[in-house]
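Q: Sharing the features that TrEMBL gives for it:
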- LYS28, LYS72, HIS177, LYS218, ASN320, GLY324: 1D-myo-inositol 1,3,4-trisphosphate binding site (BINDING)
- ARG113, LYS166, 207-218, SER233: ATP binding site (BINDING)
- 124-351: domain 'ATP-grasp' (DOMAIN)
- ASP303, ASP318: Mg(2+) 1 binding site (BINDING)
- ASP318, ASN320: Mg(2+) 2 binding site (BINDING)
Amino acid sequence: MPQEQASQNETQTHDESYVIGYALEQKKIQNLIRPSLIDHAKKQGIQLIPIDINKPLIQQHPHLRFHCIIQKLQPKHWNNLNFHEYLSKHGANTTTTTIIIDPPHLVQKLQNRVSMLDSASHLPLSLQNATVGVPHQVVVDDEKKTKNSVEEMVMGSNLRFPVIAKPLYADGTMKSHELCLVFDAQGLRETLNKNTAGGAATPVVLQEFVNHGGVVFKVYVAGEHVRCVKRTSLPDIPEDKAKALKGTLKFSQISNFTIQDNNGDGANHLSNIERAEMPEESLIKELARALRERTGLNLFNIDVIRDAKYCTRYLVIDINYFPGYAKLPCYESFITDFLLDCVRNKAAVVSV
């Protein structure tokens with residue numbers, strides 16, 4: 001939203017209005033803060049005000065008191081806001097404190113793929129005989145590469161080929177999205193060598209690959225509001241075919257890669273999506289609630305797969321902070337209802 005428009009909105013505040021700032025990078029603003037969201041929020045008494053991420057918050061919108069600020073920033077931009085200075089000026093008691101969705105130190109837990117899935121480990125969930133867990137995985141760094149052969153690293157971690165290789169850090173950089181399937185020991189050696197620069201290796205997470213019908217369930221969470229959708233995922237790899245595959249395959253290439261089934265027919269992703277039954281709503285909501293409590297976060301999505309061999313076994317494979325909510329149908333009401341909870345019913349918002 002242009003700064004001039006924001007200034008005009010500031011003059012239109014009234015007793016029932018709620019002022020919510022958004023501290024986001026430009027790409028996120030373009031994806032989320034669309035005119036349809038601004039209009040829908042305004043009808044509910046919410047003013048969405050842009051925050052300049054390059055200067056202290058206390059120097060911005062001097063006549064406004066933010067009820068809530070939503071953010072997805074790199075540490076340097078968050079530090080630029082100097083939020084503590086703003087809070088000290090406006091008071092920090094329980095009735096006036098500006099709510100931050102979500103605190104950066106909590107978001108950092110999701111930027112490491114080990115601490116990310118630790119949040120989903122050993123959740124006390126078992127509904128309708130379904131269980132929720134995480135795949136086996138191991139981190140490979142310089143020390144582990146020196147002490148162990150690739151075969152020992154895989155076998156000693158209850159893994160077997162194929163495995164998924166992911167950078168340890170999910171920090172939003174291009175490199176953090178360089179994922180691949182690894183089919184054998186030689187492919188793993190090549191992958192680890194590619195992650196070595198100047199003698200220092202970028203840590204890699206090797207994660208168990210589980211056949212899951214080519215479907216991932218994406219669970220979008222915004223406070224107590226939860227929505228689950230189906231999306232295409234990696235195709236299943238029959239066990240006999242897996243033994244014949246060699247090397248690696250980047251995720252970016254998988255859309256052009258088809259594993260042939262026993263009848264010689266290509267995997268039909270559309271049919272997989274149509275056939276896949278959604279998980280029980282009660283299980284999804286309980287998973288979302290448990291992860292909100294475990295992480296202290298309000299805005300995230302969970303990638304969940306269902307084991308093709310054991311239909312009651314679900315696995316959390318990824319958790320992302322502040323995902324692309326605009327991909328959801330009618331996302332405007334989904335986000336606005338959450339924002340209203342933030343300012344009207346603080347008990348509905350996780351705060352750690």
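Glycine residues also receive a Cβ, built from the backbone N, Cα and C atoms like all the rest.
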Q: Are any of PHE209, GLY213, PHE217, LYS218, ASN320 (the binding-site residues) within 10 Å of ASP303 (Mg(2+) 1 binding site) when you go C-alpha to C-alpha, and if so which?
A: PHE217, LYS218, ASN320
Q: Of all the Cα pairs drawn from LYS28, LYS72, HIS177, LYS218, ASN320, GLY324, the residues the record ties to 1D-myo-inositol 1,3,4-trisphosphate, which distance is largest, in Å?
A: 20
Q: In the structure shown, which of the binding-site residues LYS28, LYS72, ARG113, HIS177, LYS218 has the fewest Cβ neighbours within 10 Å?
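A: HIS177, out of the binding-site residues LYS28, LYS72, ARG113, HIS177, LYS218, has the fewest neighbouring Cβ atoms within 10 Å.
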Q: Which chain-mates of PHE209 (ATP binding site) that are at least 6 residues away have a CB under 8 A from its CB, listed by sequence?
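A: Once residues fewer than 6 apart are set aside, PHE209 (ATP binding site) is near PRO135, PRO162, VAL163, ILE164, LEU181, LEU234, ILE237.
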Q: For each of the binding-site residues (GLN207, ASN211, SER233, ASN320), count the other CB atoms lying within 10 A of its CB, then report the residue with the highest count.
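A: Buried the deepest by this measure is GLN207.
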Q: If one measures from the C-alpha of SER233 (ATP binding site) to the C-alpha of LYS28 (1D-myo-inositol 1,3,4-trisphosphate binding site), what distance in angstrom results, rounded to a whole number?
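A: Taking the Cα atoms only, SER233 (ATP binding site) lies 24 Å from LYS28 (1D-myo-inositol 1,3,4-trisphosphate binding site).
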Q: Go through ASP303, ASP318, the listed binding-site residues, and name the one with the sparsest Cβ surroundings, counting other Cβ atoms within 10 Å.
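A: Fewest other Cβ atoms within 10 Å, among the binding-site residues ASP303, ASP318, is found for ASP303.
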Q: Taking the Cβ of GLY213 (ATP binding site) as the reference point, list residues of the same chain whose Cβ is under 8 angstroms away and which are at least six residues distant in sequence.
A: ASP236, ASN272, ARG275, ALA276, ARG306, ALA308
Q: Of the binding-site residues ARG113, GLN207, VAL215, PHE217, which one sits closest to ASN320 (1D-myo-inositol 1,3,4-trisphosphate binding site) when you measure Cα to Cα?
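A: So, of the listed binding-site residues, the one sitting closest to ASN320 (1D-myo-inositol 1,3,4-trisphosphate binding site) is ARG113.
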Q: If we check Cα distances from ASP318 (Mg(2+) 1 binding site), which of the binding-site residues LYS28, ARG113, HIS177, GLY324 wins as closest?
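A: That would be ARG113, the closest of LYS28, ARG113, HIS177, GLY324 to ASP318 (Mg(2+) 1 binding site).
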Q: Report the nearest neighbour of GLN207 (ATP binding site) in space among the binding-site residues LYS72, HIS177, LYS218, GLY324, comparing Cα positions.
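A: Given the candidates LYS72, HIS177, LYS218, GLY324, the nearest one is HIS177.
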